[in-house]
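According to Swiss-Prot, the protein has these features:
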REGION    758-833  region 'Type E motif'
REGION    834-864  region 'Type E(+) motif'
REGION    865-960  region 'Type DYW motif'
REPEAT    115-145  repeat 'PPR 2'
REPEAT    216-246  repeat 'PPR 5'
REPEAT    248-282  repeat 'PPR 6'
REPEAT    319-349  repeat 'PPR 8'
REPEAT    350-384  repeat 'PPR 9'
REPEAT    451-485  repeat 'PPR 12'
REPEAT    520-550  repeat 'PPR 14'
REPEAT    551-585  repeat 'PPR 15'
REPEAT    586-620  repeat 'PPR 16'
REPEAT    621-651  repeat 'PPR 17'
REPEAT    687-717  repeat 'PPR 19'
REPEAT    723-753  repeat 'PPR 20'
TRANSIT   1-64  transit peptide
Amino acid sequence: MEYAVTNMRLLSNMMYSASAISFPRVRLHCSIPTEPSCRRNPFRQSNQPVQVPSPKLACFDGVLTEAFQRLDVSENNSPVEAFAYVLELCGKRRAVSQGRQLHSRIFKTFPSFELDFLAGKLVFMYGKCGSLDDAEKVFDEMPDRTAFAWNTMIGAYVSNGEPASALALYWNMRVEGVPLGLSSFPALLKACAKLRDIRSGSELHSLLVKLGYHSTGFIVNALVSMYAKNDDLSAARRLFDGFQEKGDAVLWNSILSSYSTSGKSLETLELFREMHMTGPAPNSYTIVSALTACDGFSYAKLGKEIHASVLKSSTHSSELYVCNALIAMYTRCGKMPQAERILRQMNNADVVTWNSLIKGYVQNLMYKEALEFFSDMIAAGHKSDEVSMTSIIAASGRLSNLLAGMELHAYVIKHGWDSNLQVGNTLIDMYSKCNLTCYMGRAFLRMHDKDLISWTTVIAGYAQNDCHVEALELFRDVAKKRMEIDEMILGSILRASSVLKSMLIVKEIHCHILRKGLLDTVIQNELVDVYGKCRNMGYATRVFESIKGKDVVSWTSMISSSALNGNESEAVELFRRMVETGLSADSVALLCILSAAASLSALNKGREIHCYLLRKGFCLEGSIAVAVVDMYACCGDLQSAKAVFDRIERKGLLQYTSMINAYGMHGCGKAAVELFDKMRHENVSPDHISFLALLYACSHAGLLDEGRGFLKIMEHEYELEPWPEHYVCLVDMLGRANCVVEAFEFVKMMKTEPTAEVWCALLAACRSHSEKEIGEIAAQRLLELEPKNPGNLVLVSNVFAEQGRWNDVEKVRAKMKASGMEKHPGCSWIEMDGKVHKFTARDKSHPESKEIYEKLSEVTRKLEREVGYVADTKFVLHNVDEGEKVQMLHGHSERIAIAYGLLRTPDRACLRITKNLRVCRDCHTFCKLVSKLFRRDIVMRDANRFHHFESGLCSCGDSW
């Protein structure tokens, strides 16, 4: 009898473990009935046959209730298997309260020798119900644990998110010498997959080979899944290829799922096609894996083909799981109309369906549509969850729609989702993008649980909204909490430090990075950029040279830093070195280098860069087109700038504004006005910047009436409140027209308090037209508003010098010296043979300085002899004798650059020169005479505008 009972228990254990422990995925994927056909129903009576439905159906058909009733009726006569069966039903239905009742009855009913078998069933039931404490208690109290009990406890740990405990129990099982059966391994391999423990997984694989179980179908499935989740797809593929019996769809699903979840789209789809041609018929899980692999626009066609095959199948076309996967596929491929069509055809859409659509709208930048869809969803009575709220709050943030964001925040609080970590992080980001840092801070403080993303988002939010001190304080909190700091936090805090221009803080963060070993290429690139913005090129260069694997961002950061600190020539040289390394410049690098070429007025370099970007396939559109137009304009080649502008297919406000500005720089005011009118005719509405460029053009072309009219149009027609810069242009315009008194009256009648720039423009007009009284007032107001601006002090000093007030000049210069302020030295540069040559006043550092000065003296003597040139020393604003004044004029940087150009270029070649300050009137006369006598066109760009000298005349009309 005992022998029979023992055999019966073993048989029951084998059947139970095979169906419930070893084959859970197989049962789901292949629709194999949970109850084996040979399993005997313990409630069957000889005189009344009963057909017991599967446990899955029992959850809904009342079999559990019926089973309890039968136990109540015939408790004393019920066999052990009846209680085991009811425990199994409790586990399947997660009916833990009924299971506990049954637990109590079992220990009251059965003798101890029969409890071992039922104890294993109790462990299974509690594990299925998620009650690990009860399962552990039953397991620990078992005097004689069977192999089934060990396996069941391992499975309970794995299914309840305790894979480490499962592996620990396995090692205890090995120590106690419990024999291993085939059913032990699937759960253990799943634990290794969850823990990403490739070492333990490989050991289990070796043990399976030793025991001869490695070629069993469901074991191969588990091994494939384990290796794939440990990022060893090659091992998973070797197992799959080496397995001969590929008639099981579950095996194909395992390898397909492995490739799909690892982002191997092409390999997944190739396997799917192979399965379709040679393997078993795909089931719903196969289709979902294939659809998951269709990620992006390039896979849209394949996704449609899979969709077509689904429609042909009457089985899969209506399955919720498949329909949701189809919707997700179309959203990833950017095909939102197709995704919506599937939703309209579904009768069983769930919250996952709605979430997929909302997420799709957000991923495809259709934020407004996402908000409308969510509103319709709620109005139709459908429920949302934390996932949908995360997506829809993100959409409102991208739109900077504060009202919608606050309404969603209230909705979240109402439903109790504000404690959700992802929702909280998204709320922080939304308020950050809406520039509402006070609400962002409150949302952050209200979060019960904060992760690294929470801290990163709030620090980035403060940094992006110019709350740099708050960002630094939070960073210090993160450091104190010893949290793991990632590159996102470091990037945000470094950018905040660069805005504050605090070298002390930057060095402190740099030291923290070095101490924690966080230095990588991304952080090094950020450091180069930050040190450059803090005007410390020494540190920037040192960090840049220490980068081992320099990428395009490294070079771009260094190029940008060099250009920012006035080292445009170095920026051009860095770009050349980058191209020689074989790296291709991106749009950011091209924008930086085009700006550097524009600053240098290096036309040849600019043309080389233009050719480079065309060779690399960059389109002349957007910011690239604007930069190329600006480069040619700043290099004095207005014709090329116009040609590039004409080739731009889609002209927007930025493109029109750049060309209007180009016309203004070259004194072509009428052309600027005509282009502005054309822009308005094309229904492109101007903004503050475009009006500023237009007023600048009118000012330098003497179009006073037009300028006044455009200021009125700006205010009344477009309802744009003028900036101080617009008023500066009008004051400058009036000053150039010798309407200094009217300019002064305009300044006094301004709606807003005049800025230092307005008084500076008025003072410059007074200087040009010798208006002493108004100039005195303007100088006084300028010094009151910006007493420490060296440019303003130099202007005031020059005004005093022209009036012969040398004592006042000395006072101003003494004030500058005491404050440590220095006047920017005048310098000019000229591009020659692909190199930019820079000269300062009376500069003798050039290798050819002897020949240059000889040429300059020769030119000056020829001008004096043939056209009667006499140096106008009244423009020398120093209290020295006449001879010294003549020598000072003779050594001005633009004259040295002209002499070098005459020395190194052939006759009649155009000279292109750039000066960082306004060209003085005597040098202006000198340039006109050189252009006439030597038959040279000279294009000079000074701090105010371009001068085109030709045949003794200048494009500025001697007014600049």
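We number each residue from 1, going along the chain as drawn.
Including glycine, each Cβ sits where the backbone N, Cα and C put it.
If you look at the repeat 'PPR 6' (248-282), the same-chain residues 6 or more away from its ends with a CB under 8 A from one of its CBs are 25-26, 29-30, 217-218, 220-221, 224-225, 227-229, 231, 233, 236-237, 240, 289-290, 292-296, 299, 302, 306.
Here the repeat 'PPR 5' (216-246) is broken down by DSSP into helix, strand and coil counts: 23 helix, 0 strand, 8 coil. Beyond its flanks by at least six residues, the repeat 'PPR 5' (216-246) meets 22-23, 25-26, 182, 185-186, 189-190, 192-194, 196-198, 201, 205, 208, 252, 254-255, 257-259, 261-262, 264, 279-280 of its own chain at Cβ-Cβ distances under 8 Å. DSSP states for the region 'Type E(+) motif' (834-864), grouped as helix (H, G, I), strand (E, B) and coil, give 16 helix, 6 strand, 9 coil. For the repeat 'PPR 12' (451-485), the residues of the chain that approach it from at least six positions outside its boundaries are 421, 424-425, 428-429, 431-432, 435, 437, 440-441, 444, 492-493, 495-497, 499-500, 505, 509, 512, 516, 518, judged by C-beta separation under 8 angstroms.
Through the fold, the repeat 'PPR 16' (586-620) approaches residues 552, 555-556, 559-560, 562-563, 568-569, 571-572, 575, 578-579, 627-628, 630-637, 644, 647-648, 829, 831, 834, 836, 912-914, 941 of its own chain, all at least 6 residues removed from its boundaries and within a Cβ separation under 8 Å. The stretches the repeat 'PPR 19' (687-717) and the repeat 'PPR 20' (723-753) meet in space: the count of Cβ pairs below 8 angstroms, excluding pairs fewer than 6 apart in sequence, reaches at least three. When Cβ-Cβ distances below 8 Å are used as the criterion, the repeat 'PPR 2' (115-145) is approached by residues 9, 12-13, 16, 20, 80, 83-84, 87-88, 90-92, 94-96, 99-100, 103, 106-107, 152-153, 155-157, 159-160, 162, 178 of the same chain, each at least six residues removed from its ends.
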